[in-house]
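Engineer: Here you go, one structure.
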Amino acid sequence: MFVPNNPSEFWCQLVKSVDELETMMEKLNAAYGSLPASDMIVEKPEKGMPCVAMYSEDERWYRGEIVSIADEDLEVHFVDYGNSENVNKSKVKAIKPEFMKLPSQSVKCCLRGLKPVNNSWSDKAVEEFEGLTMDKTLSLHVKSYAAGAYIVDLEDKEGDVDVGAKMVELGYCELQLPESPGKPTKSSVANPFPSLDMSEGEKFTAFVSWVENPQDFWIQPADKESELEELGAKVQDLYSGETGALEKVEVGLPVIAQFSEDDAWYRAYIEAKKADKLMVRFVDYGNTDTLGTESLRQPSEELLKVPAQALNCSLVGIRPLQSTWNSDSKDIMEEMVKDGATVHLKSKDDVWMVDMDVNGTSVAEELITAAVVRRDAPKTPEKTSARRLIHYKNIPQIPEGSSEKVFVSHVNSLDSFYCQMSKHSGELDDVMAAIDEYCTSGGAQGAGELKISTPCLAQYSADGGWYRATVLAVYPEEADVLFIDYGNREKVKQGNIYVIKDEFLDLEPQAIHCTFGFEGSKETMTKLQDLVADKEFTVKALNVIPGKTTVYLTDEKGDDVFSLIQGSETPMETAVSSTPIECEGASLPMETGGETNIVKELPSQELPIDTVTMYASSIDSPSCLYLQKAGIEDDLETISQQLESKYSSLQPSELSLSEVCVGSICCAKYSDDNKWYRAKIQSITDGQAKVVFVDYGNGEETDTASLKALTSDFGSSPMAYECSLADVAPVDGTWSEEATALFDESVMEQELECCFKSLSEVNIKVSNTDIAKLMIEKGFAIKELATDLKFAEQSLPEGTLKASVSHLENDIFYLQLEKDEEAIGEIGEILLEKCKSSPSCDKVEVGMHCCAKFNVDGYWYRAQVDNVSEKDISVHFVDYGNSDSVTKENIRPLDKTILSAPMAYKCCLGRVGQLTSDQIQSLRTLIEEQEVMVQFSGIEDGVYSVSLSKMDGKDIAAELESKPVEEDKVEQECLSESMAELDIRDDAASKSLIVNDTHLTLDVTGFSDGLNESAIKEDGEEKDLTEEDFMTDAADLVPLTLKDGDRLQVSLSHVNSPSSFYIHQVDRKAEIDSLLDEIFELYSNTTNTMYEISEPEEGSLAVALFSEDSSWYRTKILEALDDIEFKVKFLDYGNTEVCKQTDLRKLLKKFGSQPLQTVECTLGGVRAKDGPWSEEAMALFTEMTSDKNLLMDVVKVGDDGNCIVQLLDMGLSLSEVLIDKGHGVASTTPIAVSQKTKRVFSDSSDVALTPLARKLAEEIQSRGKNNYGSFKKIQIEPDTEYAVSLCHTENPGLFWCQLSDTAADLENMLDRIQEVYKEETTLNLADASEGASCIALNKNDGLFYRAVVVSDVDKDNDSVDVFYVDQGSTLTVNLSDLREMSEEFMVLPAQSTMCRLASVVPNHGEKWSEEACKLFDQLTDDKDDLTVYVEQIGRDGAAWVQLLHGEASIGQSLVEEDHAVLIDTSMLEDSNVLDSILEDSKISDSMLESSAVPDTSLEMSQMTDSFLDSGRDSIVVKLFKHYGKPELLIDTEYFCTVSEVISPSLFFTHLRKSQENLRKIEDEIGEVTQGELTGPERGCQEGIACLCKLETTGKYARATVMGVGEDGVQVGYVDYGKVEVVSSCDIKELPSSLLAPPAQAVPCGLVGVQSSDGKAWSTEVTQFVKDNLEGEVVMYVRNVSVDGIHLVAVGKQNDEGEDLNKQMVDLGLAKSQEDISMFDMNPTSEQEESFNNLTMNRMNSYGSEEFSDCLEGQHNTKSGDATMDSGDRADHSALDTTDTSFCHCVDTSMDTSLDQSQTDLDKTEPYAETTDSSINQSYDETTTDTSVNDSVADTTDTSVYDTSTNEPMSDTSTSTENDSVVENTDASMNQSAIETSINETTDTCPADSDANTTTDASCLENVDESGLETTGASDSFHYVNYLKDADKS
């Protein structure tokens, strides 16, 4: 069948496929003919979308493709027939996958060589063509393929008619067949006149008649001068009259031409046509002219025989400075040779290569000396030729319609992937093996100077292997290469590129470029990558066009790969995303061979980082110029020759450009030299395309038919940079001619120093002259920085427009107009290209218009800066409406090409007014991700007032106004309250329930219609259900909404991977259970057929029966697998399942109205290594999350509601675990954690051990010997579960087990031991020393076992103690019962493993009770299904384990029976704890003192012994005595510079933001010191504030006198931290005005480190710190000491390495002061929940009023009142414990004397003083709360007071009621922990019983006026007691 438009465009079908098409058409019409009108409607049509449409003439359904969209009509092209028609939307359906397998059956064709009369086909011609072709079987001969159509000859064999010839014969057209291709011709037109007879080597005198440039000029031999004059006179005589008119005009024709400048006639030939003019070259002189035909004459035969008198020449040994010749070279050469020159002919190709000299001076050398040309290094012709002629063979193609077995080698997208034919894999393997041997043997040669398109061997970075490649682009140290056998590309260092051997060129490139015909998304690309990895497929070539093959790909099962990929999407997405059918179209075999891959887009150039030398190759204006790098001439020459070699020999029909559109990359011929160049189409008009030559920048118009497709071997980046002059704009908005002329004159043919601000903007200097400034100075330009660029202003849109909602913020929403979609896409493409290589902004300000990278997808968008902080920048995306926080590195300056008005319109509904929360939710449901019709009515305060309607015409405002929001809300609340009283019974027959003891009968909805607040009817009536009672649209569901920064307790409901999982909120568990109970009761009991779904639809809602528990859940139908099975997603859990139709029910609205109970999340800060998540990573993540309550921080909520989150298990980040375990890598986008979160999880506390814990630690140490002698120990791993049996038990804290897996091996070995040793008495052990391995008799059972001697010999009894290594028991054995160990019994490792129960300790006393041991034995004896989960391996080799019987925890059973309590037993493994126990059985002072506060007083006193007595105050306190003390926030990063380093424990910094303050202070001091200065009024005394001259600068600075001595005065400079000794004459009075500004030097010390020997820091270490703190650093404040020293971690900015603190430890310069963290425990589920609650409370308390009150000491307390006012109560368990300085013991040496007045108590700066090795504590009265686990005491002074008398309490007083300052909810805490600790370290405990206070110094807290605190009492210890109480309750 033929469907003609005309002979140049018609469609045909192949006869062989007609039957298959008809069968498919019958099935298609059967399927679609019975569909309801509302089914499978295409709701969001798109151009190119495949569909099924009804044809109007026969009302049958046909496959089609949407060509255009106009309101309610769609233009559809019927792909199997070729015709098109406008079809109403209602008659267009989404196509089902089964109808896409058959390729489209119409083939677009064009008759070859026919040109219609008058350039268009007449109606009569079309009618005649139809008569010759319609409904006939014809023969088709494919000649070529061009512009999307096959060029064919058509023949009617029955009538013996050639259709094309017949149309010519009838006069409707002309036949214009292209000439047969011959040999490649030269690019220039040959001179038709004979040449002078000259020979190589000749030397003669000549005149230079014409110079184009030094390599293109003409000479006339001097000895031919007279002949030339005679010839000229003869021509004038013959042609002065009107004779010899031309008969025809064509290029290359010899002519006599009249020179326009002197009107004389000369011999010439036509070199080119230019519109209606002709360019001629005068053969006797060499110059040219452009003339009309009236100035041309026919030459006589005689004149044609006379040789041309001018020789075309080129100077050897030189080349241009840049890619083109500058005018200076021409001018200097012309001046040198104006009187003639001596010429030496060297060789001839197209022109004569010559040397020239004038009076002995070489012309070439003179030009080089003048710096207008450069020397051309001599080349070896053979080498150059070889380099340029090396090419790979053409890529093998799969013939259309044929199938091949393939492997997919590389995937870019669904539109671009590469396949290798399996049948060539053996050959490729052989080549690869040979290449590997060649490259690794040492014989391979480096590639040297690389050229674009050069074949080579390159090393791939991922595996280090060597592969065949082609060079795409060359950079200073790298090259961009394409791996031709695989299809991928990458940048490779030039040292990893080798010359390719000829033998490696024989095999064709193996990567075949393929497509599904559809770009697809990132997700579909990933699916394809996963699906095709390491598998063989069958590929069928459907359509072969140059450069790419459209394929049908099937797996080994025959399943369509494309369908498998799209099958995971929703049905509508499937329809939208399906491949256009035309890309699977039927195809015809072509008579020409396949071509190489076609380039659609050239890669961007690499942005030059530094200043680079360049030349201008083309200039339009200062805003549009093209630059080329200096030194690329060889590359330009190489690519030019390769293009010429390839394209000059092509037939006209070969490599025709298939897509002629603006922006297309192509190859075009330049008319001036007739050569081929790479080009890009700029515009198209009437068959003429304006192209720009991308390597030069110039352009011209050319015929579109002459354009060629550019092949991938020329796919490197353009060599010319298209850019504009940066930082300027034209004065009047457009550049004047004078401005452009000045710019051209200043830049063209000059050496330019260029500094790129972006790929499109450049600063240019010429000889140190800034061109931008020059343009401004000359008045042609104004300064315009990138930061000054602004978007154009929006204008009020007119009319009714189609739009979509891009973003919602409550009742404000943003609209994108449909008409702007293309512009938004174009802007996105520009940003993608320009931003990825542009530098970030130097300066970012609020209100700045810019480009910003969106964190969620990593793409660039136009934006406006809303806020700037130290850490991030808030931006608003102007084309979408949403916002994000980004770093400065992700901000780019605007480009002038993207300044159009923002595309997102900020709107509100005009007439509705303020919306309620329910209306806002309804609005979201109505418009989110929906197309709407909009009318704009006005704008106020930047918000447009609009009216909206849905696509069906319904007014959205009217729908919102009609919704009875409040009434519905009240009814819902009443119903909820009533439902709370329901006790639903499982009685399906009566469907009854009890409400307040009243029996009700349920109606069909599962509820009694009598339910209300006032009365309950006893017999409710069933009401009839209608479709209105059900919900089907998923858009009506209420999503679970979270927001950025939320912290929640969650459990995971379903896990796909760490990148995709679903959560349940723990605090919503009751809500979930209630909902599911109601659903279960109703759907399990109802028999109402109204609930059944007769025709389930994809995308609709349902209630489905889950197969695993037979319960009903809310679901969404994802896919119909067939008529009875459907894939559904469980909306409240996230998992999917295949359900039968009989297991689906309709969803009642009352169940659909309740919010969804889960949301999809992605784990932030981590991504999978090398592709998808591994099975090991999945297993680890599942293990870490299964059956656990976790803390979840919401980092980012996406527009689709999905969340990027952090998951924390007992404070441990799961992201970091995945990274640490090697299963993931850190994400490129860092996950921000809130300050609250950082504070909670940076807490770390030392633990004061209870006597109970101490006893357990002693037991660990005593049992920790290695009792296994020479036996190998069986290996067990932490975090692993083992099946075991217990072989020996001492108590729950110490037992031995055997692994079940090796039980059989042990049994076999014991049998063998009995055989060998039972009757043997000659093998008695000779050496029974301790540690000897032996075989020992166990008299309890009379059997021999393997053992180790563990004691010395008891000589009195001739016995020793032995440890049975396989049983774990120890017995005393007679020496006579010991045997020598045979080697055969040493092979099997010892089978007993020493274990301890983790997380539990005995509850009563210090030992396990007899009852506890008895219960433990009962739970474990003779149990064959015990398992242990190993949490960690202890220092003594014991395994800390969770012991389980089945699923029951043995430890938990002991806790439940009150025999044990939970504790973090990991702390007992800390070496510091054990060491302190071994020393004196009590906690050492070092365990109770701060591990982080540096002893700065000691260091500074050592430094200044002769000047200072540190006295009562620390040096830092003295230094800032009179000045405001600098205070920084804890858990905050600061940029700073270090001004002075005293030691690692004390240095001073300047914050970046304080630099301006410091400058102002210095300026003010400078003004003061200009006048007369006087000494201090009170004289030079210690402690006074003063001005003093800095030795380093000679300028005065603010200071404090630190001490006065005989040798001078020591001063500390408060703004610098320096300490110097000066003369008292240098001390000056400080004006009071200079006391006001706070000190600018911030005192700091490195946190967590101390000197390696525990003494003072060495000079070398201090110098190391100084060296590493140079320049700006990043400082993280961990805590603040009592003295005001900020305890910090320090690192270099942008340094991804370790911080300085850890470096010092790693290098051995310091040792770590590690804390014992409460987060090291291995939790039970109860502990998890308690910990999570505690952490939530800790986080929530920060910033609260109660917390602020606590810090400020504003407690509402009364003497004798033991309770805190509930309104002021602080949750002290939530206070920061990052520092352990609170943990001090008070001993009798504490100075409790009071030498200060009562007013001292009111001072705002309490300072602790040091008088001996103890650290004194200061505190004030504190109230306690017995209901809260508070552990805080505020401090205001250094003495202990009786709060009732304000008198100091004697440290010798006794306590009658020793109540704790810090009261705990659990009495055991006070008794067993605190009191014991105090009594061990304090002689007496002075207290006032009325005040209810004690001096429990281990629980004190210091708070200074800055609000920075160090809390008291270990949170870890509180946690233990907290759990004990929780357990008891």
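Glycine residues also receive a Cβ, built from the backbone N, Cα and C atoms like all the rest.
Unlike curated records, TrEMBL annotations are generated automatically.
Annotated compositional bias 'Polar residues' per TrEMBL: 1810-1819, 1846-1863, 1877-1897, in sequence order. Under the heading compositional bias 'Low complexity', TrEMBL lists 1820-1845. The domain 'Tudor' annotation in TrEMBL covers 44-102, 248-306, 449-507, 659-717, 843-901, 1095-1154, 1327-1388, 1579-1637. Residues or ranges marked as region 'Disordered' in TrEMBL: 1750-1772, 1793-1863, 1877-1898.
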Engineer: What counts of helix, strand and coil residues does DSSP assign across the domain 'Tudor' (843-901)?
Structural biologist: 6 helix, 25 strand, 28 coil
Engineer: DSSP on the domain 'Tudor' (1327-1388): how many residues come out helix, how many strand, how many coil?
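Structural biologist: Grouping H, G, I as helix and E, B as strand yields 6 helix, 27 strand, 29 coil.
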Engineer: Calculate the per-residue pLDDT averaged over the domain 'Tudor' (449-507) and state the result as an integer.
Structural biologist: 86
Engineer: Sort the residues of the domain 'Tudor' (1095-1154) into helix, strand and coil with DSSP and give the three counts.
Structural biologist: 7 helix, 32 strand, 21 coil
Engineer: What are the DSSP helix/strand/coil residue counts across the domain 'Tudor' (449-507)?
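Structural biologist: Counts, helix then strand then coil: 7 helix, 27 strand, 25 coil.
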Engineer: Sort the residues of the domain 'Tudor' (659-717) into helix, strand and coil with DSSP and give the three counts.
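Structural biologist: The breakdown for the domain 'Tudor' (659-717) reads 6 helix, 30 strand, 23 coil.
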Engineer: Just give the helix, strand and coil counts over the domain 'Tudor' (248-306), going by DSSP.
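Structural biologist: The breakdown for the domain 'Tudor' (248-306) reads 8 helix, 27 strand, 24 coil.
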Engineer: Per DSSP, what is the residue count of the domain 'Tudor' (44-102) in each of helix, strand and coil?
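Structural biologist: Residue counts in helix, strand and coil order: 6 helix, 30 strand, 23 coil.
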